[in-house]
Amino acid sequence: MVIKLEFEFLLLLPLLIIVGFIVGILGSLFGIGGGFLVAPILTFIFDYFGIPDGVKFAVGTSLFVVFINSIISIFRHAKIKNINWKASITIGIISLVFSYFSGFLVVNFIDSAILKKLFGIFLIANAIYMAKSHHIDKISDREDKLEPFILCGVITGFLSGLFGIGGGIVIIPILAMAKYPVKRAVAISVGVIPLTSIGGLISYLTANTEGYIYNIGYVSIPIALIMAIPIIYSSKLGIKINQKISPKHLRIMLSSILGVMGLFMLL
């Protein structure tokens, strides 16, 4: 991808680093990949520089960052034995297939402007649900069942490839509806995101984008790496916060972030 190293772009470098740092914290804290934050900000950057198909580049690059973040987050959570591997693998395999399918649709058929608005509506709807779901704060535990995992895998995978997210912000509300406590949902979500994100990422990496440099398909390698480096360091902080924060505060924080980013995408 051609992005001239103008003064304006140099000013954006600190923003990319800061966002990467925040995404690393959020990834470990909520069991999410951070795509809901990365994709909107990259959409703004690519639109600002007049990059054709900016939303598709934002989604593809976001999935790459999400994948890196999720791998780091898995190692962090595995150390404290906070991953439900059985549930994660079940949801992850199903979501991988559907994320590849929806990623293929975006790359080949869906208009970028429509995609941006759909993403904003999706984030706001999730924010409203999480804000109103007081009941999940009091749930202590429940037995694993296959049905919610299958539903979760289908919906998560499809939306992941569509919007460039890892799926954590989809998994947690769906599991909350199935009466899983927030922290249990986080433990499941952490193991799902690498599989979900790689499914959609393949479609964007293999897309034909002739005429650009420094990219593979719809993935901007320089920007992805700039954002990924601080994630390595900040993800550890997210784990510490996760162990200390209450389910109620965890839910409220996630709802607030989703709402703000959703409005940002609709403006």
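The backbone N, Cα and C atoms fix where each Cβ goes, and this holds for glycine too.
So that you can see what the record holds, here are the features copied from Swiss-Prot:
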TRANSMEM  10-30  transmembrane segment
TRANSMEM  31-51  transmembrane segment
TRANSMEM  55-75  transmembrane segment
TRANSMEM  87-107  transmembrane segment
TRANSMEM  158-178  transmembrane segment
TRANSMEM  185-205  transmembrane segment
TRANSMEM  213-233  transmembrane segment
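Within its own chain, the transmembrane segment (31-51) is flanked in space by residues 1, 3, 8-9, 12, 15, 19, 22-24, 57-59, 61-63, 65-67, 69-70, 73, 77, 116, 119, 123, 160, 163-169, 171-172, 185-190, 193, 197, 223, 227, 257-258, 261, 264-265, which lie at least six positions past its ends and keep a Cβ under 8 Å from the stretch. Long-range contacts of the transmembrane segment (87-107) within the same chain, counting only residues at least 6 positions beyond its ends with a Cβ under 8 Å from a Cβ of the stretch, are 56, 59, 63, 115, 144, 146, 149-150, 152-154, 156-162, 167, 171, 188-204, 207, 218.
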